[in-house]
Amino acid sequence: MTTLVTQAGSGDDAAAPVAPSDPSPADASPSAVDHPTLGPLDDARAQLAFAVDHLGLDDGMHRLLATPRRELTVSVPLRRDDGSTTLFLGHRVQHNFSRGPAKGGLRFSPNVDLDEVRALAMWMTWKCALVDVPYGGAKGGIAIDPRAHSQAELERVTRRYTSEIMPLIGPEQDIPAPDIGTDERTMAWMMDTYSVNVGHTVPGVVTGKPLSLGGSLGRASATSRGVAHAAVLAMRHRGLDPDASTAAVQGFGKVGRDAARLLAEAGVKVEAISDVDGAVHRAGGIDVAGLIEHVDATGSVRGFEGGEEIDGAALLELDVDTLVPAAIEGVITEANAARVSARIVVEGANGPTTEAADAILRERDVLVVPDILANAGGVIVSYFEWVQANQAYWWSEREVNDKLAERMTKAWEAVLLQATRHGQSMREAATCLAVARVTEAHQLRGLYP
Ligand SMILES: NC(=O)C1=CN([C@@H]2O[C@H](COP(=O)(O)OP(=O)(O)OC[C@H]3O[C@@H](n4cnc5c(N)ncnc54)[C@H](OP(=O)(O)O)[C@@H]3O)[C@@H](O)[C@H]2O)C=CC1
Ligand SMILES: O=C(O)CCC(=O)C(=O)O
């Protein structure tokens, strides 16, 4: 199955040469809810609606910003190692590319669905605009559990998916990167599949690649470095000395692991860390390097001798100064927000706090550093990687890290200023700044025809 939906948007970007088998337009109503329970797309739409209202945008612009520019859903058949065949569904959503090529990660998770990918793509648009990288927003996903497959099977799935979405991607069109369940290996397979198909090597088609294939120094830890940077800025803003403060980190993957390490290096006592199997806690701080060794050896934080096991959900309510959710969406909800003890929440994950929970945290004066700011370090260094790959000239790790810190600080200051001026939360301020930039691009480009 291949389903392509294109939006009649502004500007002169021609639709990709893919024959749509289902030309029905996406639901263009910003307030539409096409499933019974609220999910990330409802949160993303509510955040956009706030910004539209604050900026005084008209209904037409609201609809344009609420609706993905292109959506492609593809079947991804896999020949298993045992000879049998399994079918997966994959998506690539390009939410907006008024400011440049679409950009955003590729997720492998059994929970992937089109609405989740739509929400993540919309957040990418705002994130790229907020930190002023010349990209629009996109996201991709395959509903697959990567842990249930061999490397050979994952390679075949990645290559088939890449070839299915080939007409949409490219260094000037849409540039994927790693997200949940994918890594630099996945990006190497994507780059190779794309390059073989076009007949020459195209390092700029993906970011988050291995260094030896044109990746950037500093990209692997960039999201975490940005999260740690944002956390320290937030602590100082709240009058906390990082050296005398405590934190808990949910998730110990590409983002959580280095966020915990870098926070510990900044002097923060990281007292609890979790993964999907459970959590470990140690008052006074976990030996993060020791936990990394343990997880590399066993695959799980459980059984680590340098701490006591606690329930994964309990981590979110621990009495620490800073909570860093760095795993999945929707973990801080209406049901537990009142019990979050941290005074600062730094969103390493995309969409970890639901709209209802966000209101409760705000009421309780918890400072929430929103995802589109807190975890923007990844896409900032992806941009650096793309620039380096396109020029075939690579920077030192020091240069990359310094430029990353500069952009994070600049975005933090802009968000804080907007929040203070308008009495907004950091999320409201960040979304308003980003939506204003994307709107300006639409207005300057005008509508074609
Ligand atoms: N990678 C990047 O550059 C960026 C990622 N993000 C966002 O950060 C988040 C994490 O992404 P990333 O680190 O790349 O993904 P990974 O797949 O590398 O890691 C995800 C981690 O979350 C853990 N996890 C999953 N479910 C739960 C749960 N219910 N409770 C606790 N831990 C859980 C996983 O556990 P286990 O290891 O046991 O499976 C794993 O440690 C996502 O929201 C992603 O969109 C945002 C910006 C950039
Ligand atoms: O590095 C990128 O291009 C995108 C990373 C990503 O998917 C995200 O920021 O959510």
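The backbone N, Cα and C atoms fix where each Cβ goes, and this holds for glycine too.
Going by what TrEMBL states, the substrate site holds Lys103, Ser382, and the candidate of Lys127, Lys410 recorded there is Lys127. Apart from the site residues Lys103, Lys127, Ser382, the chain places the Cβ of Gly104, Met124, Cys128, Val133, Tyr135, Gly137, Ala177, Ala376, Gly378, Val379, Ile380, Tyr383 no farther than 8 Å from the centroid of the site's Cβ atoms, the recorded substrate location.
When secondary structure is read from DSSP and collapsed to three states, Lys139 (active site, proton donor) falls in the strand class. Among the recorded positions listed (Asp179, Thr223, Ser382), Asp179, Ser382 have a CB atom closer than 6 Å to some atom of ligand 2, in sequence order. Cβ contacts within 10 Å of Ser382 (substrate binding site), excluding its own Cβ and spanning all protein chains shown: 29. Around Lys103 (substrate binding site), the same-chain residues six or more apart in sequence whose CB sits under 8 Å from its CB are Met124, Cys128, Val133, Tyr135, Gly136, Gly137, Ala138, Asp174, Ile175, Ala177, Val379, Ser382, Tyr383, listed in sequence order. With respect to ligand 1, the recorded positions Lys103, Lys127, Lys139, Ser382 contribute no residue with a C-beta closer than 6 angstroms to one of its atoms. Distance noted between the C-alpha atoms of Thr223 (NAD(+) binding site) and Asp179 (site 'Important for catalysis') is 11 Å.
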